[in-house]
Amino acid sequence: MAESWSFLDTVEPNFRPLVVIELAKGTKEETIEWFTKRIVDKKANGGAQLLVKPLGTENGEENIYLVGASHLRLLLGAETVGLVKECNDNSMRTFTYSSRKTFKDFADDNHNFLTIAECQYIIKHELENLRAKDEKMIPGYPQAKLYPGKSIVRRLLTNGILVQIFPLHDREELKKLRHSWYGRVKVGYQPLDEIRCYFGETIALYFGFLEYFTFALIPMAVIGIPYYVFAWEDYDKYVMFATFNLLWSTVILEVWKRICAIMTYRWGTLLMKRQFEEPRPGFHGVLGINPITGKEEPVYSSIKRQIRIYLVSLPFVCLCLYFSLYVMMIYFDLEQWALDYHEENESTFSNLMLFVPSIIYAVVIEIMNRIYRYAAEFLTSWENHRLESSYQNHLILKVLVFNFLNCFASLFYIAFVLFDMKLLRQSLATLLITSQIINQFAESVFPYWLQKRHKKRMKKRMYAMKTDTDLSLVEQVNLEKEMGTYFGTFDDYLELFLQFGYVSLFSCVYPLAAVFAVLNNITEIYSDALKMCRVYKRPFAEPTANIGVWQLAFETMSVISVVTNCILIGMSPQVNALFPDSKMDLMLTVALVEHLLLAIKFIMAFVIPDKPRDIQIKLAKLEFESLEALKQQQMKLAAESLKE
């Protein structure tokens, strides 16, 4: 590998822009010269050995640069980041430049061997790994301190010198993807492999999970339609539906693990080794020595962080939860007012008024969720977590706890305190449908409208200019840099998590919950696809092997659904008739059944393997071959030492 870098040339006759770097307006010339020199410098000199080209020097474009790389540089970068590709013998192996001929579809003139997403991921990796050598500061900015090993890009970002780095869309590839993905209404699977090639594994896995979850909801919807049509208002028959619900919520999550393993093995990310995590850009502290790497980096006391978490963040979260419960009680006062008004007037208008409190409460819930999200992000950032994974885990925990209580507390109160199944059905339907409408509008329709307006204004401005630069490229970069930033799949998974809660916790009293979820998810697939291709800047690919902490979140929700459905079954008139004299016997029986079902659930999770048998064998074979290769290398070194 080291020998390969020496003959790598930084000149590429056909420059292909892959990534855009936008510097702050008025950035000093010496800073730009130093930064671009580090990007194009050879690896031996501490550079990234990439290609850089200014977008233009006229009309205010002097602060925008295009970054690309030669085909050879990308291949060497693929080895550096540990990409896994398919070999000629159909096995999946970590790519190495020296053994490149053994990989499927490889040819020296085949520039499509690496996907677009992989090429941009490699460039991002190389830019983020540009490290300070003996510089003490960013040239031209004495306040922007550097130390050996510090990421230059992260320092430029935190000091506002670097505005953003984003991957550029490929217009032809995007046009093909849009046509096959959402260009025409069709009944069929999404082009997940094409989505993965263009956007990377994290985005493709989300759409794969969305598609799978939609198909998994169909049995619940099919059973729920006749269940609702026959109008079993006495709720005597929901025992069967609740029982099916318990098995369904467990099986779909276990089957998803297997489907996820199949996809990520085919994409190579199941085999990728996790890289050592660098400190996140927002992390700050006094300069110290990392005990693991031995390098200089900011160090922050874990005791100070724990104090911030338990003495500030935790009380704030508890206060927000209390406020959420207070709003819930106001909602019940409104419900009582609407009911009293209906009993006094008995009109069509009064009948419609019964739904008004639930609709208002559903809107308030969505507003509170969004406001709390900003507060949770601020608090989690203020806690100063060193790693991005730690930051994400604390943020997800805060948001999930609040969203769960905010969305479901009223339903639990109606079901298990008021024992009002009719109101539970009405509230569940209103909350589910209203939240779906608000999310569709806020996440796709409104941003798309704003983007269309901005695009029209930008086109007028660009065509009014006189420039020798390729107008289509200048126009494209200027349009994309003003697009909104896609901050990841957090909000998308959160929406599915809450939907899963509505369906699994109480859907036995409102069987159409699964039907509305299926209809919403079908439109969600198209609206999210439109959002990715037309509304937001293209995100960098992030290799991943699963849906991460969300798998645990969904599994936790399924455990809670076992408890709630068992209690609902115990409250049914059918079951109550079996215990006319002793409520204690009823409670003990329900508790026993609940424990048995939980035991069955965990046994099923244990019995159903997370990976199919053939993939387990392939992984074991690769591990055996790696150990054998290591053993042969050790024996070779031992033989050479004996000769000496």
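Each Cβ is built from the backbone N, Cα and C atoms, and glycine gets one as well.
Going by TrEMBL, these are the annotated features:
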DOMAIN    195-621  domain 'Anoctamin transmembrane'
TRANSMEM  212-232  transmembrane segment
TRANSMEM  238-256  transmembrane segment
TRANSMEM  309-332  transmembrane segment
TRANSMEM  352-372  transmembrane segment
TRANSMEM  395-416  transmembrane segment
TRANSMEM  496-519  transmembrane segment
TRANSMEM  586-608  transmembrane segment
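Looking at 238-256, 309-332, 352-372, 395-416, 496-519, the range that has the most CB pairs within less than 8 A of the transmembrane segment (212-232) turns out to be 496-519.
Within the chain carrying the transmembrane segment (309-332), a Cβ under 8 angstroms from the stretch's Cβ atoms is held by residues 357-358, 360-361, 364, 368, 372, 375-376, 379-380, 382-383, 394, 398, 401-402, 405-406, 409-410, 413, all 6 or more beyond its ends. Away from its own ends, the transmembrane segment (496-519) comes close to residues 209-210, 213-214, 217-218, 220-221, 223-225, 227-228, 235, 238, 241-242, 245, 248-249, 400, 403-404, 407-408, 411, 415, 421, 424-425, 428-429, 431-433, 435-436, 550, 553-554, 557-558, 560-561, 564-565, 568 of its chain (Cβ-Cβ under 8 Å, at least six residues beyond either end).
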